[in-house]
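Copied from Swiss-Prot, the annotated features are:
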ACT_SITE  D128  active site, proton acceptor
BINDING   G12, R73, F74, G103, D104, G105, S106  ATP binding site
BINDING   R22, G23, V24, V25, R26, R155, G186, C187, E188, K212, K214, K215, H216  ADP binding site
BINDING   D104  Mg(2+) binding site
BINDING   T126, I127, D128, R163, M170, G171, R172, E223, R244, H250, I251, Q252, R253  substrate binding site
Amino acid sequence: MIKKIGVLTSGGDAPGMNAAIRGVVRTALGAGLEVFGIYDGYQGLYEDRIKQLDRSSVSDVINRGGTFLGSARFPQFREVEVREKAIENLKKHGIEALVVIGGDGSYMGAKKLTEMGFPCIGLPGTIDNDIAGTDYTIGYLTALNTVIEAIDRLRDTSSSHQRISIVEIMGRHCGDLTLTSAIAGGCEYIITPETGLNMEQLISNIKDGIAKGKKHAIIALTELMMDANKLAKEIESATGRETRATVLGHIQRGGKPTAFDRVLASRMGNYAVHLLMEGHGGRCVGIQKEQLVHHDIIDAIENMKRPVRTDLYKVAEELF
């Protein structure tokens, strides 16, 4: 059985990452394993920023946002020589397996290490909720609450000024965060990678709302789809109603994780250690229908696709 494991966080931070690290560390120590923290993601792995952790290392972190191990984007990890150096550093410390917490880019790094014979377990840590093989990612529901709070505030001022507001929400190529934020925040319109934008229909809907006496409208837009400020100008020109864009940006990644994310992250961290002790490597952890599951990490990246939430889009359409 393995005796030493490492844990790192990579890519964009997400609330609950610290809880996941804590879950890994406390479970491993309780099972008699040694645990090493790799600081600043794959870059720290390459540069040998590796330190042994104990119980006190993860005291009072469960309620903190971000990741105390730090994170960094490190595109050089695509290079074989860089990964070979990383594995050399792991072996120098006697580390036999690695838990990687992050998004799809982090999973790709874990996949590459797995293909080179070093066992890794991936935990889905991203607010985008865009990882295949899991219903929820660590940090997604905390970010949802953050976005809803912002939408509530925008609604107050938009109503006061009879204004149309566009709120740009993170998610990259996945509209889950935008979709659920729009439903929970009572937005009038939604634009995601899954729905696209029918400008003619959008303008028609806004004009219909104005004719019915609506004082404001909130439009939820997934980032990277289009320039939010340009869209605001086009809507204002077409409707005659003042329109402003608000880009929430990185505020969505911060803040204390919700109870759900703390429990989810703790469960996933615990589960990852048990998988490694049972001899499983090259896996990624998810939660599906409230049950923890694990999938082949290569298959998850190359073949598995996240299902489009057609049920929620139907709800959104009927409510808007």
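Every residue, even glycine, has its Cβ placed from backbone N, Cα and C.
Calculated from their C-alpha atoms, the gap between R22 (ADP binding site) and T126 (substrate binding site) amounts to 17 Å.
For E188 (ADP binding site), other Cβ atoms within 10 Å of its Cβ number 19.
Neighbours of the ATP site: apart from G12, R73, F74, G103, D104, G105, S106, residues of the same chain with C-beta atoms within 8 angstroms of the site's C-beta centroid are S10, G11, G41, G102, M108, G109. Checked against T126 (substrate binding site) by C-alpha proximity, the binding-site residues G12, R26, G186, K214, H216 yield G12 as the nearest. Burial estimate for the binding-site residues (K214, H216): highest at H216, by number of other CB atoms within 10 Å.
Residues near D104 (ATP binding site) in space but far in sequence (CB under 8 A, at least 6 apart, same chain), listed by position: T126, D130, I131, I301.
Of the listed binding-site residues, namely G12, G103, G105, the sparsest Cβ surroundings within 10 Å are found at G105.
Across the annotated binding residues for ATP (G12, R73, F74, G103, D104, G105, S106), the two most widely spaced Cα atoms sit 13 Å apart.
Ranking the binding-site residues G12, F74, H216 by Cα distance from R172 (substrate binding site) puts G12 first. Comparing G103 (ATP binding site) with D128 (active site, proton acceptor), their Cα atoms are 8 Å apart once rounded. Secondary structure at R244 (substrate binding site), as computed by DSSP, is strand.
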